[in-house]
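Visitor: The structure follows.
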Amino acid sequence: MRCIEVSLPVPLFRTFTYSVPEGVAWPIAPGSRVLVPFRNRADIGICLGEAEPPEGVILKPIKAVVDSVPSLPEALLHTARWISDWYAAPLGLTLRSMLPTPLTQANTPAPAGKTQRVVRIVTELPSLLQREQTFARAKQQRAVFELLEAQGGVAPLEALRVQANCSAGVFTAMAKRGLVEVRDEVMQRDPFAERAGVAPPPNPSAAQRDVIDAILRGEPGQVFLLHGITGSGKTLVYIEVLREVLRTPGRSAIVLVPEIALTSQTVDRFRGAFGDAVAVLHSGLSDGERLDAWQSLRRGERRIAVGARSALFAPLEGVGVVIVDEEHESSYKQSETPRYHAREAAIVRARAEGALVVLGSATPSLESWERADRGQAIRLSLPDRAGGAQLPPVQVVDMRVVTKEAVAARNPHAPFDPMLSVFSPTLLAAIESRLHRAEQSLLLLNRRGFAAYVQCHACGDVQVCPHCSISLTYHRVPEALVCHYCQYQHDMPSVCPKCASDKLQRRGLGTQQVEKLVAERFPEARIARMDVDTTSGKWAHTQILDRVGRGEVDILLGTQMIAKGLDFPNVTLVGVIDADTGLNLPDFRASERTFQLLSQVAGRAGRGPKGGDVVVQTRMPHAHAVQHALTHDFLGFVREELGARRHPAYPPFVHIANVIVSGVHQRATAAAATEAAEWVTQLMKRQGLRDLVLVGPAPCPIDRIKDRWRWHFLLKSSQPKLMTRVARYVAERCPVPKDSELRLVVDRDPVSLL
């Protein structure tokens, strides 16, 4: 009996064996999709290879082999197995995440593509004599034929007709003569096709060339950590490395960019260097667009996949280099099962392919920095900005002093001016000077909405989400109270629901309020706001940035998305409205994230010949994250932060897993978390696991989200193999009922503990 092992997209830590009926081509290549019966439905699974038939079991036969060519190359199967093992995720769910959604659904056809009428040469005329004879009485046909040749032998009929200034009858006549064929073909759904690429600088600097050469000398599977300050030209290094790798026939490449930085600017740079060889994969694409990009990579029509986290799973063969830009970004970590980190999975895939790995950042993660210290990566440096530009000076403004002086100077009988607590005189003067000089400013506030929360002045009650343990954020346009975790919203009340007082006060600051204050202070300024609320439309993000690039925006304000990957030479001022928004979060990475954000946004200033300045407003000027960001002192920050991570031990010195128990009833959830922690404690004692530490259990910092109460405990170990074994065992065996009431998830290497 012929049998195969099949992985199905179900939350089970096992695979299934199916028989293969006669008449089905054998063998079935691993990585191929197969249609199989499962329970009372048909499902799409992935063939993992041949299997021995189990004794005494009647096997179900597969229904069909869906692929003629495997959807998942061998290197991706290897990567999926590693992700499943390391992150304690069912293999079937991991494999499903590697495929475009339409390819994982048994009964849903793929989104139909648009078609267009195309003309294609079917008879070549290589000699001049042939052409003279063929077109002796058809000069217009010859002009069309040669125009078609110049476009690679195929072109859209309507575009060609306009170019040749001819009628459609010319194509009909040529088709009757067997010179061309006219037919409908599915159009490639590429939303970036109409954008003109931006050509890279012609020659790398000496420092860039040294880095490029060092990378290209690397052994297969070698990891390089490229620490290049903002504006040092890391993208040009990437492009030159890609260019050299792709000189080898059959080679391909993957470039990962954080979703937040995957802007039209980024795509334009790679398209400018490699044209249509680049396929873009990110969450903003429709299912059809993503499927077309995926299939063009699978067929080998495009050789470079540029995209966010999931672009790592591009179905490329012969990958020669994997580049992870802004490798420190937390968005590389998947928040749902499988909870993989794309940076770590990229290294695994690259080694399976024999490819080079380049991790690039101006502010590398402590994990990657420590990896280089251990000799597991080669550290390369670009310490200077390209073209001789200088890092902008950073001025810190202590808002405690500013507020105190403003209160002392104000007229006690005049209404309070909110501008006094939001903008320092230093920042206002800097903005004004840029407006006078027709230069651009960036203002960062990493909190969207108008006000952080609404509080009753009479009784102190705060409006909170009925489904989450979080206050509702006040949004002015449209006016509503919104939960940023579950998207619940309701109208702004006119009186306090608790005491009926009409003294409701909006407290805290959001980007909408900053926009209003800036517009009132500088009515002549052209202002654009960039946050989740203004960029929800498909091309809203691109449209805003294009306006900035054309000089149609004087002040761009927004959340952290304005801190990533933007390069505008006319931006000469960056103002950080409140540097403290993330500093006091109950998370061991809070300081690291704050330093990275301040350093990254400061790097948006001074990229052109005019130079630039940075003004950072804070009420915690002595925090080490702020202090080191002021002097662009990454090494100083690393030394201090690593010291703080040693005692108590946190990554990169130990591996951690966050075990989260959630449920709809508060007491039952707490009891289940306590029981789960005790079960792990007993496991540690039975197995003598001395290098495993359990911390907790306790309520999560945000202990209720979407009507589910949340408790957690941490597992810590300096031994990665031990952590892998225990995390998998807990995820698979821990006796917490896996039903709608209670859930247990294991988040290995979490980027947030909230």
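Just so you know, glycine gets a Cβ as well, placed from its N, Cα and C.
Please treat TrEMBL annotations as automatic predictions, because they have not gone through curation.
Annotated Zn(2+) 1 binding site per TrEMBL: CYS456, CYS459, CYS496, CYS499, in sequence order. Per TrEMBL, Zn(2+) 2 binding site is recorded for CYS465, CYS468, CYS483, CYS486. Feature annotation from TrEMBL assigns domain 'Helicase ATP-binding' to 215-382. If you look up TrEMBL, you'll see 469-645 marked as domain 'Helicase C-terminal'.
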Visitor: Across the domain 'Helicase C-terminal' (469-645), what is the average pLDDT of the model, as a whole number?
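Guide: Here the mean pLDDT over the domain 'Helicase C-terminal' (469-645) amounts to 90.
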Visitor: Have a look at the binding-site residues (CYS459, CYS496) and report the one with the fewest Cβ neighbours inside 10 Å.
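Guide: Selected from the binding-site residues CYS459, CYS496 on minimum Cβ neighbours within 10 Å: CYS459.
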Visitor: Which whole-number value in Å describes the distance between the Cα atoms of CYS499 (Zn(2+) 1 binding site) and CYS468 (Zn(2+) 2 binding site)?
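Guide: Here the two Cα atoms lie 22 Å apart.
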Visitor: Tell me which residues of the chain lie with their Cβ under 8 angstroms from that of CYS483 (Zn(2+) 2 binding site), as long as they are six or more apart in sequence?
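Guide: CYS483 (Zn(2+) 2 binding site) has long-range Cβ partners CYS465, HIS467, CYS468, ILE470, LEU472, THR473, GLN489.
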Visitor: When neighbour density is defined as the number of other C-beta atoms within 10 angstroms of a residue's C-beta, which of the binding-site residues CYS456, CYS465, CYS468, CYS486, CYS499 has the lowest density?
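Guide: Each of the binding-site residues CYS456, CYS465, CYS468, CYS486, CYS499 was scored by Cβ atoms within 10 Å; lowest is CYS499.
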Visitor: Cα distance, CYS486 (Zn(2+) 2 binding site) to CYS459 (Zn(2+) 1 binding site), nearest Å?
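Guide: CYS459 (Zn(2+) 1 binding site) and CYS486 (Zn(2+) 2 binding site) have their Cα atoms 27 Å apart.
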Visitor: Going by DSSP, give the three-state secondary structure for CYS456 (Zn(2+) 1 binding site).
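Guide: Going by the DSSP assignment, CYS456 (Zn(2+) 1 binding site) falls within a strand, counted as strand.
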Visitor: Between the Cα atoms of CYS456 (Zn(2+) 1 binding site) and CYS486 (Zn(2+) 2 binding site), find the distance and write it as a whole number of Å.
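Guide: The Cα atom of CYS456 (Zn(2+) 1 binding site) is 23 Å away from the Cα atom of CYS486 (Zn(2+) 2 binding site).
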Visitor: List the other residues in this chain whose Cβ sits within 8 Å of the Cβ centroid of the Zn(2+) 2 site residues CYS465, CYS468, CYS483, CYS486, in sequence order.
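Guide: The surrounding set, listed in chain order, is PRO466, HIS467, ILE470, LEU472, HIS484, TYR485, GLN487, TYR488, ILE705, LYS706.
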Visitor: If the Zn(2+) 1 site is taken as the center of the Cβ atoms of CYS456, CYS459, CYS496, CYS499, which further residues of that chain fall within 8 Å of it by their Cβ?
Guide: HIS457, ALA458, GLY460, ASP461, PRO497, LYS498, ALA500, SER501, LYS503, LEU504
Visitor: If one measures from the C-alpha of CYS486 (Zn(2+) 2 binding site) to the C-alpha of CYS496 (Zn(2+) 1 binding site), what distance in angstrom results, rounded to a whole number?
Guide: 23
